[in-house]
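Asker: Encoded as structure tokens, here's the structure I'll be asking about.
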Amino acid sequence: MASFDLAQHPHRRFNPLTGDWLLVSPHRALRPWQGQQEAPDRSQRPAYDPTCYLCPGNTRANGSVNPQYDGTFVFDNDFAALTPDAPTGTVELGSLLRAEAESGVGRVICFSPRHDLTLPEMSTADIRRVVDVWADEFQTLGSRPDINYVQIFENKGQVMGCSNPHPHGQIWAQRTVPGDPAKETVQQEAYFQQHGRTLLTDYLEIELREQKRVVLENEHFVVLVPFWAAWPFETLVVPRRAVQDITQLTEAERDSFADAIRRLTIRYDNLFQTSFPYSAGLHQRPTDGQGHESWHLHMHFFPPLLRSATVRKFMVGYELLANPQRDITPEYAAERLRDLPEVHYKQTMAQEPA
């Protein structure tokens, strides 16, 4: 019998951040595909769209007029999933059925006044301004006594449910700590109590030694495909220094964070020469007044594309009923991303002779 090989044989991988398991089936990577194919986003958008409710000077759904902003722009979400004035209360029907009121705040961050840009097409300096806004909003919302967690995220692309192509992200800040950050809090605290170091500090040490799943590095950040990645080209952006939240990053670390985001997202777009869809977001300490010394700031990128700009992964069947599963290995995904150029394909095409 052949010896066990992660690159060839089906196996499970453990996610120490959540305590969950993942099934990896590398032998299925070459199976024929006759399923649904997505139309890639090839649209050419104008720098300003008079019908876009996020562009400068335009009117939003609630009648408010956007300022003529020239950098970032932040406002309360006109259709927020959470509201700060939700009445308190619980409903219990026996010991099984339970509901409780949840209050919070929804914010929208326009990354740029330009309607036609995405993060990989913005400058590092412009992305740095976005990082600063993330930090400011985390500080402001997290200091409120009614907010115990601040979730910062971006959905990019129609396939990810993004309702407007103008470059923007969201913040949902709420009274309770939601499920995935709560899992990560428990796992990181248990590891810290046992080892006296953050979980991601020791994990980075392993990844930097092996280099198999590292996509890119700079002075202060590492971008890698996690050993337990569930999505085909999922990545994790981790600061080398253990900080609990984004406000603790130094000026130089914020510059490195912006640089890492830009270089990663350019690679994403270059992979299939398309505007690469994803959901991405920061995970950081709860804002419940506790120190959370065990927390280590990080950013997740969850992109669905699998084989091309038209074939994406669906979390269905076994994945809904049992646990996540992937075909291509994280090591293969990291190699693909690592070998890509850091000049955006649109820039390269523009420089080619007609």
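Even glycines carry a Cβ here, placed using N, Cα and C.
Relevant sequence annotations retrieved from TrEMBL are reproduced here:
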- His168: active site, tele-UMP-histidine intermediate (ACT_SITE)
- 28-31, Ala61, 77-78, Asn155, 161-163, Gln170, 313-314, 318-319, Gln325: UDP-alpha-D-glucose binding site (BINDING)
- Cys52, Cys55, His115, His166: Zn(2+) binding site (BINDING)
- Glu184, His283, His298, His300: Fe cation binding site (BINDING)
- 5-178: domain 'Galactose-1-phosphate uridyl transferase N-terminal' (DOMAIN)
- 186-348: domain 'Galactose-1-phosphate uridyl transferase C-terminal' (DOMAIN)
Asker: So if I measure Cβ to Cβ from His300 (Fe cation binding site) and keep only same-chain residues at least 6 apart in sequence, which ones fall under 8 Å?
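Answerer: Within the chain, His300 (Fe cation binding site) has Cβ neighbours under 8 Å at Glu234, Thr235, Leu236, Val237, Ala280, Gly281, His283.
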Asker: Restricting to the same chain and to sequence separations of six or more, state which residues have a Cβ under 8 Å from that of Lys313 (UDP-alpha-D-glucose binding site).
Answerer: Trp231, Pro232, Pro304, Leu305, Leu306, Arg326
Asker: Within 8 Å of the Cβ centroid of the Zn(2+) site residues Cys52, Cys55, His115, His166, which other residues of the same chain have their Cβ?
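Answerer: Here the non-site neighbours turn out to be Arg45, Tyr48, Asp49, Tyr53, Leu54, Asn58, Asn164, Pro165.
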Asker: Of the binding-site residues His115, His166, Glu184, His298, which sits closest to Asp78 (UDP-alpha-D-glucose binding site) by Cα distance?
Answerer: His166
Asker: Could you give the Cα-Cα distance between His168 (active site, tele-UMP-histidine intermediate) and Arg28 (UDP-alpha-D-glucose binding site), in whole Å?
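Answerer: If we compare the Cα positions of His168 (active site, tele-UMP-histidine intermediate) and Arg28 (UDP-alpha-D-glucose binding site), the gap is 36 Å.
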Asker: Just to confirm: which same-chain residues, 6+ apart in sequence, have a Cβ under 8 Å from the Cβ of Cys55 (Zn(2+) binding site)?
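Answerer: Those within reach of Cys55 (Zn(2+) binding site), by Cβ under 8 Å and sequence separation of 6 or more, are Tyr48, Asp49, Asn66, Pro113, His115, His166.
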Asker: Within 10 Å of the Cβ of Cys52 (Zn(2+) binding site), how many other Cβ atoms can you find? Include all protein chains, please.
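Answerer: Total other Cβ atoms inside 10 Å, all chains included: 17.
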Asker: According to DSSP, folded down to helix, strand and coil, what is the residue listed as 'active site, tele-UMP-histidine intermediate'?
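Answerer: DSSP call for the residue listed as 'active site, tele-UMP-histidine intermediate': strand.
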Asker: List the Cα distance (Å, whole number) between Cys52 (Zn(2+) binding site) and Glu319 (UDP-alpha-D-glucose binding site).
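Answerer: The separation of the Cα atoms works out to 37 Å.
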Asker: The domain 'Galactose-1-phosphate uridyl transferase C-terminal' (186-348): mean pLDDT?
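Answerer: Looking only at the domain 'Galactose-1-phosphate uridyl transferase C-terminal' (186-348), pLDDT averages out to 96.
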Asker: For Fe cation, what surrounds Glu184, His283, His298, His300 with a Cβ no more than 8 Å from their Cβ centroid?
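Answerer: What remains near the Cβ centre is Leu17, Asp180, Pro181, Leu236, Gly281, Leu282, Gln284, Leu297, Met299.
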Asker: Nearest to Glu184 (Fe cation binding site) by Cα, among Arg28, Cys162, Glu319 (binding-site residues)?
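Answerer: Minimum Cα distance from Glu184 (Fe cation binding site) across Arg28, Cys162, Glu319 lands on Glu319.
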Asker: Which entry in the list of recorded positions, Arg28, His166, His168, has its Cβ near the fewest other Cβ atoms, using 10 Å as the limit?
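Answerer: The recorded positions Arg28, His166, His168 were compared, and Arg28 has the fewest Cβ atoms within 10 Å.
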Asker: Roughly how many Å separate the Cα of His298 (Fe cation binding site) from that of Cys162 (UDP-alpha-D-glucose binding site), to the nearest whole number?
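Answerer: Cα to Cα, His298 (Fe cation binding site) and Cys162 (UDP-alpha-D-glucose binding site) are separated by 23 Å.
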Asker: These are the binding-site residues: Asp78, Glu184, Glu319. Which one scores highest on other Cβ atoms within 10 Å?
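Answerer: The largest 10 Å Cβ neighbour count belongs to Glu184.
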